[in-house]
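**Q** Reproduced below are the annotations present in Swiss-Prot:
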ACT_SITE  Glu144  active site
BINDING   His143, His147, Glu226  Zn(2+) binding site
TRANSMEM  14-34  transmembrane segment
TRANSMEM  39-59  transmembrane segment
TRANSMEM  158-178  transmembrane segment
TRANSMEM  197-217  transmembrane segment
Amino acid sequence: MLYQQISQNKQRTVVLLVVFFALLALIGASAGYLLLDNYAMGLVLALVIGMIYATSMIFQSTSLVMSMNNAREVTEKEAPGFFHIVEDMAMVAQIPMPRVFIIEDPSLNAFATGSSPQNAAVAATTGLLEVMNREELEGVIGHEISHIRNYDIRISTIAVALASAVTVISSIGGRMLWYGGGSRRQRDDGDDDVLRIITLLLSLLSLLLAPLVASLIQLAISRQREYLADASSVELTRNPQGMIKALEKLQLSQPMKHPVDDASAALYINEPRKKRSFSSLFSTHPPIEERIERLKNM
């Protein structure tokens, strides 16, 4: 059951990424049709913009991410218990030892960052280290180590970059149309050409809806990677109860004291900001109740 769940989560992520690239291609083709009278040119430009965004974000410095989240690096002497658990989980996962950071915050939370296992880091709040026992900490750190081993940070970064690219292309296309960039096409099409009018309307609709759809796909990818990391943590620790108990404590945690931006919020094991009341479709994290239920059903 454990390996089946891991496999299903990976497959869902692949499907979502394929849909994401298809959406980027669609928005590029639509913008190309409306502004350049050339589907192919718009499609190529969209993919190039997407790749530039993804590449620039993937190689963002680990130290910069930690600095943005008020995390300070610690040595084995400063936090031996935490350090050794990270070391043990990294050894079991067969990845290099990540750098270890602590965030001075009473809330219960942790996250990992780094585009590859070779430049990864793990951070935990002081609240988490104080409240959780060893088996619960192993579950949490196993979750973060799994994000590193599964290249989740890279996948999530690509998703954020693609969502940003879709939004930028849609915004540029909309502004150019508003200021007359599409007037030539509107004159050439003619009211009697029904097919062209339908194509024009569909292209406009895709420009309007693409940013929302892109955001929903990005958030869905983030939620799937959380489920995968939970299951992968159990694979590393061989102790589902440790992860379940940790999630039960995380469920009761207060929001973090310092502000957390959207990109950083998706990295944490638990939503670091005040819980929102709207649909889970717009959440970076699946409900903890569902995460616990999945672990119990393994």
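Numbering starts at 1 and runs along the chain as it is shown here.
From the backbone N, Cα and C atoms, a Cβ is placed for every residue, glycine too.
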**Q** Taking the centroid of the Cβ atoms of His143, His147, Glu226 as the Zn(2+) site, which other residues of that chain lie with their Cβ within 8 Å of it, listed in sequence order?
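**A** The answer, listed by sequence position, is Ala112, Glu144, Ser146, Asp152, Arg225, Leu228, Ala229, Asp230, Ser232, Ser233, Ile269.
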**Q** Judged by the number of other CB atoms within 10 angstroms, which among Glu144, Glu226 is the least packed of the recorded positions?
**A** Glu226
**Q** Under 8 Å between C-beta atoms and at least six apart in sequence, can you list the same-chain neighbours of His147 (Zn(2+) binding site), or say none if there are none?
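**A** His147 (Zn(2+) binding site) has long-range Cβ partners Ala112, Ile153, Arg225, Ala229.
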**Q** Near His143 (Zn(2+) binding site), which residues of its own chain have a C-beta under 8 A away, given they sit six or more steps off in sequence?
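**A** Residues satisfying the criterion: Ala110, Ala229, Asp230, Ser232, Ser233, Met243, Ile269.
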**Q** Quick one: Cα separation, Glu226 (Zn(2+) binding site) versus Glu144 (active site), in Å?
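**A** The Cα atom of Glu226 (Zn(2+) binding site) is 10 Å away from the Cα atom of Glu144 (active site).
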**Q** With DSSP assignments reduced to helix, strand and coil, which class does Glu144 (active site) get?
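**A** Assignment for Glu144 (active site) reads helix.
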